[in-house]
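A.B. asks: Below you'll find the structure I mean.
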Amino acid sequence: MNRTINGDGQLVIGGIPAQEIAEAYGTPVYVYDVERIRENARAFVQTFEQQKVPAQVAYASKAFSSVAMLQVAKEEGLSLDVVSEGELHTALKAEFPVEKIHMHGNNKSLAELQMAVDARIGCIVVDNFYEIALLSELVEQNNSTMDVLLRVTPGIEAHTHDYILTGQEDSKFGFDLSSGQAEKAFSLLHNNERLHVKGLHCHIGSQIFEASGFTLATRKLFTTMKEWRNKFQFIAEVLNLGGGFGIRYTEEDDPLSLDQYALALINEVKQQSADSAYPLPEIWIEPGRAIVGDAGLTLYTLGAIKEIPGIRTYVSVDGGMTDNIRPALYQAKYDAVLANRMNDKSSKDYAIAGKCCESGDMLLWDVELPEVEHNDLLAVFSTGAYGYSMANNYNRFGKAAVVFVENGTHQLVVRREKFDEITRLDLSYTKQKELK
Ligand code: LLP
């Protein structure tokens, strides 16, 4: 995120003082620096271009889906991953090129598959046998065809600094390679003239800091591709290695740069295809967090301050687990600053609490800030991924607004949910007469 401090000691994001955004739209508010989204997208796209390898960078829209966001992704030439009717609907509303949309999901409904087939999206990432049955029937009935990728679980689970080789591929997603299920699924698809298998897909995890998990997965998939070349005379046109590229939330995090991730994949795929005289497949990736995570921050207004002598000082904000459930759900850590007093040298440790009725609704357990006052403005950094997209209405709080800043201007791209909109789906109850 492009951030500076102005002469008044105010945090400035994309050319706009944070205070100005808070005053214009209220808090809590998610603020995205559009330039940063574009820089992140370009880091991936340009690395593939420079290395002259055919590729598709698909933005995993689960990280943050809104019409405006998908318009930016479209402008940057990205492809798009959707996992539900709602995400597909958003993509169609944003007039995203349908041929660049891929659909994921471990339990796609008939309605979802129908919507994908009707919209003529680029490809469906097939996950399980039930889906094969549904999709086969659908394309038959519709007298249509569909490109598919086969999602496999290569038995590698990556976690931040580490990856785990699981002998048993214990995952709800995809077909496991070792038991022969993937091969059975492949032959079902391969023998269906209406379904065209473009290649294989795997996704080994999220917030991964090292390239080794990705390169190992690449090798595993090549082993399978070589087997199927011999057995079925099948050549994969596409190798989709998923998303999961880690970002820096706090100083403790030490991810690779985005071009380093892409280069590691490119080198491994080139090496594997050269070693086995396998035609170089198109490399597809699906970054979500790496595109939007560090492009977004959340602004909150500070309210109640509760000092427990000798223990800690709680400061409550006007949002919390309703706009960012990650600390409560994953013990995720963030950095934060007082956006209206960036040059204040006083210092104290605080615990930042959300306002939901839940003790676990904490945003940061320990953060050093200048001595705070009511109505100070807190900026929590790197909330651009899985913040708004996992927002919820617990305690019937409305969802926060989303604002884009770019070239010194700001624009509202998702309106704040009003409390009367919270009841928009509610119907009144009518007391039923007792049966005589
Ligand atoms: N492709 C597939 C098949 C995925 O399942 C995911 C994420 C992605 C791509 C994008 O992964 P990314 O590049 O964003 O790491 N809610 C969690 C993250 C869940 C990720 C689920 N799948 C969080 O807030 O950390």
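If you go along the chain as it appears here, the first residue is 1 and each next one adds 1.
From the backbone N, Cα and C atoms, a Cβ is placed for every residue, glycine too.
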A.B. asks: For the pyridoxal 5'-phosphate site that TrEMBL assigns to GLU286, PRO287, GLY288, ARG289, TYR386, which of the candidates GLY213, GLY244, GLY320, GLY354 is also assigned?
C.D. replies: GLY244
A.B. asks: For ligand 1, pick out the binding-site residues GLU286, ARG289, GLU358 that have a CB under 6 angstroms away from one of its atoms.
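C.D. replies: What lies within reach of ligand 1, judged by Cβ under 6 Å, is GLU286, ARG289.
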A.B. asks: Round to the nearest Å and give the CA-to-CA distance linking TYR330 (substrate binding site) with GLY244 (pyridoxal 5'-phosphate binding site).
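C.D. replies: The Cα atom of TYR330 (substrate binding site) is 16 Å away from the Cα atom of GLY244 (pyridoxal 5'-phosphate binding site).
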A.B. asks: Test of understanding: give the count of other CB atoms lying within 10 angstroms of the CB of GLY244 (pyridoxal 5'-phosphate binding site).
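C.D. replies: For GLY244 (pyridoxal 5'-phosphate binding site), the count of other Cβ atoms within 10 Å is 25.
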A.B. asks: Quick one: what's DSSP say for GLU358 (substrate binding site), helix, strand or coil?
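C.D. replies: Where GLU358 (substrate binding site) sits, the three-state DSSP reduction gives coil.
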A.B. asks: Please identify, from the binding-site residues PRO287, GLY288, the residue with the sparsest Cβ neighbourhood, meaning fewest other Cβ atoms within 10 angstroms.
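C.D. replies: The binding-site residues PRO287, GLY288 were compared, and GLY288 has the fewest Cβ atoms within 10 Å.
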A.B. asks: Compare the Cα of GLU286 (pyridoxal 5'-phosphate binding site) against each of the recorded positions LYS62, ARG326, GLU358 and report the nearest.
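C.D. replies: Comparing Cα positions, the candidate nearest GLU286 (pyridoxal 5'-phosphate binding site) turns out to be LYS62.
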A.B. asks: What does the structure give for the C-alpha distance between GLU358 (substrate binding site) and TYR386 (pyridoxal 5'-phosphate binding site)? Integer Å is fine.
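C.D. replies: Roughly 20 Å, rounded to the nearest whole number.
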